[in-house]
Amino acid sequence: MASESFRDPAQWRWSWQDLCGQDFKIWAPERHDLGLCFQQLCLHLPVLAILAISSAYYFGRHEGFVTRARIQLAAINIRCGIVLCLAFLPLIQIYIDINRGKEQIQKISFFLSATQGITWFTHFWYVLGLRKRLGRSPRGPTFVCIVWSLLFALTAIAFRSHYLLLIYSFQFDYSINLAFGFSISYLVAHILYALTLIPSEDSTTYFNFSNRYTQIGENSPLLSHNAYVRFTEEGDPTYLGVAMEETNWFSKLLFYWVNPMMKKGYQGMIVSSEDLYDLPMSLNSSLVSAKLNKQLRGEKQRNIEDDVPSTISSVSSPHSTEVSFVHVKQNSVTLLVALHRCFWVQFYSVGILKFIGDCSAFAGPLLLNKLVGFIEDKSEDIKWGYIYAAGMMSTTLLSSLCDSHFNFLMAIVGLRMRGALVTTIYRKTLSVSSTVLNSHFTVGEIMNFMSTDTDRIVNSCPSFHAVWSIPFQLVVTLLLLYSQVGISFLAGVIFSIILVPINKLIANKIGQLSTKLMEQKDARVRLIAEVLRGIKAIKLYVWEQHFIRLITRLRDRELKYLKGRKYLDALCVYFWATTPVVISILTFGTYALLGNKLTAATIFTGMALLNMLISPLNAFPWVLNGMTEAWVSLKRIQRLLDLPDLDLENYYSKGLFDECDDNTEIAIRNGGFSWGKELSRDEKMRLHALSEKTLIKGKGKGKRSALTIDKRKSFESHITDESQGSGFKLQDINLKIRKGEFIGVIGSVGSGKSSLLSAILGELYIDSGEIAISQIESGFGFATQQPWLQNGTIRDNILFGRPFDDSKYRSVLFACGLIDDVQQLPAGDMTTVGEGGSTLSGGQKARVALARAVYQDKSVYFLDDILSAVDVKVAKHIFQHCIMGLLLNKTRVLCTHHVQYLIYADSIALLDNGIITQIGKPADVLYNIDDSLPIDLELGESIQSTSTSASNSLLESIKHEKVSDSKDHRLLQETSETGSIEFGVYASYWKAIGHVLSLTILCSITFMQLSRNMTDWWLAHWVTDASSNTTSPNITELPVIFEYVVPANDSTSDTDMYSYLKIYVEFAVVNTLFTLIRAFLFAYGGVTAATKIHKLLLKSVIKAKSTFFDITPTGRILNRFSSDTYTVDDSLPFILNILLAQFFGLIGCLVITIYGLPWICLILAPLIPVYHWLQNHYRLTSRELKRISSVTLSPVYSHFNETLQGLTTIRASRATQRFKRDNEDNVDSNIKAQFASQAAARWLGLRLQFIGVAVVTGVSFIAVIQHQYDVADPGLIGLAISYALSVTGALSGVVNAFTETEREMIAVERVNQYIREIPTESAHFVIDPPFAWPSHGVICFSEVVLKYREHLVPSLREVTFETRPFEKIGVVGRTGAGKSSLIAAIFRLVELSSGTICIDSVDIKRIALPVLRSRMFCIPQDPFLFSGTIRDNLDPLGEFRDDEIWTALNKVNLITTVQRLGGLGMNVDGGGSNFSVGQRQLICLARAVLHNAKILCIDEATANVDQDTDRLIQNTLRSAFRKSTVITIAHRVQTIFDSDRVLVMNEGQVVEFDRPENLLDEPNSYFSQLVNHDS
């Protein structure tokens, strides 16, 4: 019996009635809603099942263990409670329904309740697991979020269905009311669930249970199976490999191969370019540049890959033989032709994708026309609707793929071109002689070739395809518009065409304002740079407010142009935003006025086509402009490539060398050499490395040598003579140097000593005669007078690519007097020296450069006045241990003014005006050699010394402190925030704009978007009414606020049309009004924020403590005032404006789409977490990629700049191959980052376009389904589809704009760091000092302890002493003894750690800083002059009369000089560069004389002047400051002997304080040891 029942087919027949009763309907026409049972059975149950399965799956995965923050745990706990409620709610509902309901309950209700309970209980355990695992995001895996989002949308639809069921029920039904009540509960629970998803994963961290990499230690088995795991490819599981290598076509099509990098970026594991994909061979810069060079030389193209091994091997050795200057072949093909031959195949073939993409884009409006027409025509077969919908899906998909791959492939071509151009430009600069290069281009121009010009050429690649694509788009679009609206399309097109020249005119005006803006910005930054360089002096002189006023004045001028530019930008934005609306009005208004009937198909196809028309019209002028700029840049780079390469084979004569014996090293016969152009005064200064210090500084006391008499007069006469001639030349040079000889070259300044060395090195034009050398290939050791160092460690600079040899390295350090210096630096010889050696003193730079030359171990050495930058002791040490020590057996040519050393030379050449006037033995050439040397008080017990004049600055103690802590490494490392930008940064920018203004801007942009959407909605309403043949507007469907504008009973269709048109125009006018308000308000808000932020930044920096400037490089501070300020001024408001427009546009787009087709929510809901997941992955990865791009671009430019500065040294050392390789490595690193950025952008772009395809597909098919059930509104569907077509652009626009905004916000974050975190000087004071204080100038130190920073050892240790009224005190001691710290303490540059300092019995800590400093005066070692007149420099605050200023100048013996230069109104260049160092010191002394303070502190003021000037200063001090206390930190012994008492310091303590004669009488005194140590 049972078996028969089992076999009965009726037993297994599906019965809809048993499950749903009589209520199973897909569509309920009476409610215009989906059937309730259909929703439960076909929608809810499958989604619940998927949620249950996915929750169970992820709950079972024990991976991604994390620790979460408190707020994240709280959100997950709340979510657990909500899920439990959702699990019990259906059970409670079915229980109540069974016990209270009278109607029979359908089986589907039991089934659904059971499924809901099981699903939510399973999901509860999944949410519980999120507390400690399943990755960083507290939201959980994206797939679960997608399923939940779909369920949320279904819950909202179910709520609507229950509501409609309730209002359409004719009698009370308990079950219906109960179901409606519980549907509200479900909806509220889901909303609360959504709120718990808000917390992000920022503070979540992964557990590290074990090391990711296997390390091989001593106990590891020798033959372990994993003994090779330390290779990167094998041992690093995150190693990405080579981009697109072994990737199938499908992965390339969808950019699936980018996924590992995006995941790595999301996990925060991308830190440097090493964490990115390796470049494929086609993008290798050495490969593409070799290919381009072959084409430039006109060689036949072979398989370039075959040449790669040889190319690489030729540069593999850092000290490989350099032969690139022999057998040089010049370029025979232009750059344009060479680029064409290299890249034409890929460059032109990519255009096919562009063409297909454009054609696919046109299919969208056409299919939209067909689809809306199909919906309007009720009789057409339903299959055509599905065909049109499928066509829209296919064409948008094809367009997305073509667009993404076109952009990606064009980016690859651009990167290849960039690599080739940059490398080629770099190679060219290395192969052209400095003379030729400098005679044609400045350093700035050459840098622009590599940056601006290369960028223009690369950016023109897409523009080339736009040149043919845009006209094609315009022609096709206009033809399609004509087919839709006839001649009416001309109204909109004419308006668009009129706007093009208007936009161009505005753009030109913006360009003019930008030029003036940059001029003012440059002036402001230049002044700020001067202020920062002299900030210590400004603080000492209490000039902070004066310079703040000067900078603010320049800033106000800058803001004037910024406002003009921003308001013109606002006008452009206004035109851009209103153009679509105005064009629509003109086109459709004309169409209606011509008597045509508006249909949905016509309107929305026309709208789509007009939107396609606007972009090309606006872009075309800029495309042509870009192409023109690229053409100009090509021509500019061509000028560089046309320069002749340096060919040493032709420069040096083989015949002359054959005539000489084997022992000859260098031979010149009748040589005539020139620089190839007339040199300006500045160029001569640079060429001869002329420093005013050299001209004035005496080389001994007593009688001077004949060669040093009146050097300034000699220099002036040379400059005058040469400027009147045809350019400086070397003439009739006859010189023969044998191997191992020591040759001295002497002569007055400008006589041609440096030129002679350049001639031997091959850097000059050879006009006549012959020159021969024996070491063409191995090169020379060359030390210039102006030291050239690279950005890197001291060791890197000395090794210069050579292998490290410890014993050789140490001997070189000793010989060059660097042992003590290296020991005193924080990180020893691994200390980074900064660009150009910025962190070293002048003497240290000179010695490091010398050590580099010596370490190269060449046969011939050219030493260009290397002894002038160091003091006498160090000079003696270098001469003894280096020139006459390590280099004893080398050939040495020394140019110098220190003639006393040349008595050891084999021969000496005397140069005068480019001619060797005498050559012979030292005894024959030299006269009046003065061997007496000045005594150096700061020499330590070692013969080596670090006390160069440049290193004994006011804060020498800081620089030479033996740092026991690594905290001072921040001197070279700039801190940067990581992770997302904090909310406080956005809040600070909001506050800078102002609360009211910010809210007004948001309101205006909201109303702008609302009015724009209402304009399009009204158009849809118009065509809907027109299609339904209503005689008047359908007022019942309108919002109440618009009812008054529509006549209720118009009888004629013309009146109807005019009424509709009138309201349409009114909406458009309102839109344009709000657009205008928004544009100008935003411009005003941006300028307001820029003004406030700069004001706060300037005040914060100027008021900062002195120690801040000691540990922060000037360039870093300047960066805040230049780059970051420019971003806040210009870039940030621009991109923020775009972000807000894109965001509100996207919201409006989605709202209109949902309004037209509410069922699209079923598609949109699951896309929301997908979109969030995509943008989150992209944003986190893109931020790091952009940072790496910036970080890797800096070395390209800085290395190029360093190369240009050191071309002669590089070529002399024959290190060009290594520098070429370094450049290629830098370029490859940057291209790596840019390639990754492009791949990430295309990865995101394609996926966002897929979201757009999904929306368009969903809208299209839902429209067809609605049409099938006869509930479709053609107007609203047309509106929804036309908006859906623009969803893709809006989605990608929001992500890109947000990413860019976040990046630009970093500038605000960096500025905020300085505004909030810089420690400012104390403004606190207790008392005002007495009248005329200080009257006697008595200074009393009591147990004073001073630390510059907390982690440093004290610079002053319990210092106690007291001066007498009007006493002259000399302070002496070795480097680091604490001498300068005394002045820092007196002027409160650094606050005391303990102890007190009293001046005339007043504790200086209780007095306001400006008052304290204004009552004293200080002459620092480094004199500070700023741009302005002499009067401004002497009396910037206008406190003195002209006659008082002239009197002060007379006292310092400057009156004649100033009168000759043009009086007090004569302009002073920045830093006082048009004065000698000695004259600058005298001007500073004149300031002191003017102020006549009762306390005067002098810090090494005579270190840079000669004996005569020193004597003048001492006399002035004695006469002008008789009634003042003078504290002098001494450098010369004569200064000390004039003092009343001498204060001797050692290791921060006072060791002796007595009259100098008393101290000298005591032979064991510390002072005696200092004076007599090496005399």
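Placement of Cβ uses the backbone N, Cα and C atoms for every residue, glycine included.
The domain 'ABC transmembrane type-1' annotation in TrEMBL covers 350-629, 999-1303. The domain 'ABC transporter' annotation in TrEMBL covers 709-938, 1339-1572. Marked as transmembrane segment by TrEMBL: 38-59, 71-96, 108-128, 140-159, 179-198, 487-506, 567-594, 600-624, 1063-1087, 1143-1174, 1250-1269, 1275-1298.
Here the transmembrane segment (140-159) has long-range neighbours at 34, 36, 39, 43-44, 47-48, 50-51, 54-55, 58, 126-127, 130, 134, 183-184, 186-187, 190, 193-194, 197, 1161-1162, 1164-1170, 1172-1173, meaning same-chain residues at least 6 beyond its ends whose C-beta is under 8 angstroms from one of its own. Sequence-distant contacts of the transmembrane segment (179-198) (same chain, at least 6 residues past either end, Cβ-Cβ under 8 Å): 75-76, 78-79, 82-83, 85-86, 89-90, 93, 138-139, 145, 148, 151-152, 155-156, 158-159, 162-163, 165-166. Below 8 angstroms of C-beta separation, residues 478, 481, 568, 571-572, 575, 579, 582-584, 586-591, 594, 596, 606, 610, 613-614, 617-618, 620-621 of the same chain, each at least six residues beyond the ends of the transmembrane segment (487-506), sit close to that stretch. With a cut-off of 8 Å on Cβ pairs spaced 6 or more residues apart, the transmembrane segment (1063-1087) and the transmembrane segment (567-594) reach 3 or more such pairs and are scored as touching.
Sequence-distant contacts of the transmembrane segment (38-59), counting only residues of its own chain at least 6 positions beyond either end whose CB sits under 8 Å from a CB of the stretch, comprise 19-20, 24-26, 108-109, 111-112, 115-116, 118-119, 122-123, 125-126, 129, 134, 140-141, 143-144, 147-148, 150-151, 154, 157-158, 161. Most Cβ pairs within less than 8 Å of the transmembrane segment (600-624), among stretches 71-96, 108-128, 1143-1174, 1275-1298, belong to 1275-1298. By the count of Cβ pairs under 8 Å, the stretch nearest in packing to the domain 'ABC transporter' (709-938) among 350-629, 999-1303, 1339-1572 is 999-1303.
Within its own chain, the transmembrane segment (1250-1269) is flanked in space by residues 27, 29, 371, 374-375, 382, 385-386, 388-389, 392-393, 396-397, 400, 1153, 1157, 1159-1160, 1162-1164, 1167, 1170-1171, 1174, 1277, 1280-1281, 1284-1285, 1287-1289, 1291, which lie at least six positions past its ends and keep a Cβ under 8 Å from the stretch. Through the fold, the transmembrane segment (1143-1174) approaches residues 139, 142, 145-150, 152-154, 156-157, 1005-1006, 1008-1010, 1012-1013, 1016-1017, 1020, 1244, 1247-1248, 1251, 1254-1255, 1258-1259, 1262-1263, 1266, 1273, 1276-1277, 1279-1280, 1283-1284, 1286-1287, 1290-1291, 1293-1295, 1297-1298 of its own chain, all at least 6 residues removed from its boundaries and within a Cβ separation under 8 Å. Beyond the transmembrane segment (71-96), the same-chain residues lying 6 or more positions past its ends with a Cβ under 8 Å from any Cβ of the stretch are 105, 109-110, 112-113, 116-117, 120-121, 123-124, 127-128, 130-131, 138, 178-179, 182, 185-186, 189-190, 192-193, 196-199, 201, 203-204. Residues 19-20, 37, 40-41, 44-45, 48-49, 51-52, 55-56, 58-59, 76, 79-80, 83-84, 86-91, 93-94, 97, 140, 144 of the same chain sit 6 or more residues outside the transmembrane segment (108-128) yet have a Cβ under 8 Å from a Cβ within it. Across all of the domain 'ABC transporter' (1339-1572), the predicted model scores a mean pLDDT of 81.
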